[in-house]
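Student: Dropping a structure here in structure tokens format, bear with me for questions.
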Amino acid sequence: MSLLMISENVKLAREYALLGNYDSAMVYYQGVLDQMNKYLYSVKDTYLQQKWQQVWQEINVEAKHVKDIMKTLESFKLDSTPLKAAQHDLPASEGEVWSMPVPVERRPSPGPRKRQSSQYSDPKSHGNRPSTTVRVHRSSAQNVHNDRGKAVRCREKKEQNKGREEKNKSPAAVTEPETNKFDSTGYDKDLVEALERDIISQNPNVRWDDIADLVEAKKLLKEAVVLPMWMPEFFKGIRRPWKGVLMVGPPGTGKTLLAKAVATECKTTFFNVSSSTLTSKYRGESEKLVRLLFEMARFYSPATIFIDEIDSICSRRGTSEEHEASRRVKAELLVQMDGVGGTSENDDPSKMVMVLAATNFPWDIDEALRRRLEKRIYIPLPSAKGREELLRISLRELELADDVDLASIAENMEGYSGADITNVCRDASLMAMRRRIEGLTPEEIRNLSKEEMHMPTTMEDFEMALKKVSKSVSAADIERYEKWIFEFGSC
């Protein structure tokens, strides 16, 4: 706790008190007194303790003065209420109201007018004066009754609205099943809400059939996530499910797509986490986020935590460029992952939490994290058969010309990643549109019909697209990945 914060809060409290904002001043005074109490526990020197106690007493006296001012102001407000209370306490019977002339006696007319009226006015005018008092009483009584009537009407309207809301809510409460809510006691509400936003509740709608090739990777993910829920009695002891899977490979090979398929097909709670989710500018908050993430995953188990680009969160420790804050986050992540297995000999495998990670830089990952990610699989570039299958998946919504040969196109795409093949298909599908609108004005383009725009994609379009789109992964990169997976892989 900084002394600068205490001094700033004292300044703010005094400024609010001078400006007449006593409620805010009391809040700051109370906060300062609490902060000073905490600070006094940390002070070991007796002389300093005495000094701080004197300061505390002085500020406490100031706070009491502000309290007294607030009480005085409240008493002014309360002094005006008896009149209103007396008005509301008037009986409902009109005969009793007329028999109370006390308010009129408190408001006499000025002296000179009294003399004039007593000297020059006739007795009829004196006889008329009680009628004015009656009018005053009648008007005041009518106001009281009107106020009461309005209050009763407002209450009735509120009750009717509440009843309607309950009726509207009741069908939803019956139809929607009750879902367990994570108990956020002890954690910041904003942190819990931020992590709950990262839970993919809506299906990404990516099926296993939407992913071409990668048979081994799909088989491993099904074994790690799906089978333990189908056969919980089998996956116990030494057969416990894998608690960590690392997908390694060049960019654009389908690592994130596999994670989306896991979220769609495996029916587990899926946390999509990135480095921005687990980092904070406040000291110690990043570690809390990591711990909270795994506690929420255990609560919503069976769960899968997908950490994309994990090298940005848990790179190698002990380097000169490493910051203390990032080191603490890595330590907390490693501790939570080691205790996140949830599938020891006596635990239920259907309540597991699995960490699914993806990276393009496996050589930068810390050794301890590499040990915790028990299965390390290589996601390679698609084979010739995989490229042809990927072409069919990408072009299934397009109309193709009769001369299109997908097998020959796949052969010409050797070394292309899955993302590169998708880009080629997208570029080829736009070729016919480009030819059709060439030389036309914007008005003519707007007047084109849908039939004129949807023309079949030809083999020539693919050849032109292949000339424009080059592969994004070099042979040297592939060799580096294969060397790492040969040394550290666990398929």
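Positions of Cβ are set from backbone N, Cα and C atoms, glycine also.
Pulled these features from Swiss-Prot for this protein:
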type     : residues                                       : note
BINDING  : G249, P250, P251, G252, T253, G254, K255, T256 : ATP binding site
COMPBIAS : 117-144                                        : compositional bias 'Polar residues'
COMPBIAS : 145-169                                        : compositional bias 'Basic and acidic residues'
MOD_RES  : S42                                            : phosphoserine
MOD_RES  : S109                                           : phosphoserine
MOD_RES  : T133                                           : phosphothreonine
MOD_RES  : S170                                           : phosphoserine
REGION   : 1-29                                           : region 'Interaction with KATNB1'
REGION   : 1-185                                          : region 'Interaction with microtubules'
REGION   : 1-75                                           : region 'Interaction with dynein and NDEL1'
REGION   : 87-185                                         : region 'Disordered'
Student: List the other residues in this chain whose Cβ sits within 8 Å of the Cβ centroid of the ATP site residues G249, P250, P251, G252, T253, G254, K255, T256, in sequence order.
Tutor: A358, N360, I379, S417, G418, A419
Student: Given a Cβ distance threshold of under 8 angstroms, which distant residues of the chain, six or more beyond its ends, lie next to the region 'Interaction with KATNB1' (1-29)?
Tutor: 35-36, 38-39, 42, 59, 62-63, 66-67, 69-70, 73
Student: Which one is closest to S42 (phosphoserine) in space, judged by CA to CA distance, out of the binding-site residues G249, G252, G254?
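Tutor: Closest by Cα distance to S42 (phosphoserine) among the binding-site residues G249, G252, G254: G249.
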Student: Check each residue in the chain of G249 (ATP binding site) that is at least six apart in sequence and keep those whose C-beta is under 8 Å from its C-beta; list them in sequence order.
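Tutor: Expected: K255, N360, Y378, I379, P380, Y481.
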Student: Give the residue counts of the region 'Interaction with dynein and NDEL1' (1-75) per reduced DSSP state, in the order helix, strand, coil.
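Tutor: In the region 'Interaction with dynein and NDEL1' (1-75), the DSSP-based counts are 68 helix, 0 strand, 7 coil.
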Student: For the binding-site residues listed here, P251, G254, which shows the highest count of neighbouring CB atoms within 10 A?
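Tutor: Of the binding-site residues P251, G254, the most buried by Cβ count within 10 Å is G254.
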Student: Please work out which residue of S42, T253, T256 has the most C-beta neighbours within 10 angstroms of its C-beta, and give that one of the recorded positions.
Tutor: T253
Student: Does DSSP put K255 (ATP binding site) in a helix, in a strand, or in coil?
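Tutor: Where K255 (ATP binding site) sits, the three-state DSSP reduction gives helix.
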Student: For P250 (ATP binding site), which residues in the same chain are close in space, meaning a Cβ under 8 Å from its Cβ, but six or more apart along the sequence?
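Tutor: Result: N360, L381, S417, V473, D477, I478, Y481.
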Student: Just name the winner among G252, K255 (the binding-site residues) by count of other CB atoms within 10 A of its CB.
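Tutor: Result for the most crowded candidate: K255.
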Student: Is G249 (ATP binding site) helix, strand or coil when read with DSSP?
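Tutor: G249 (ATP binding site) sits in coil per DSSP, no helix or strand.
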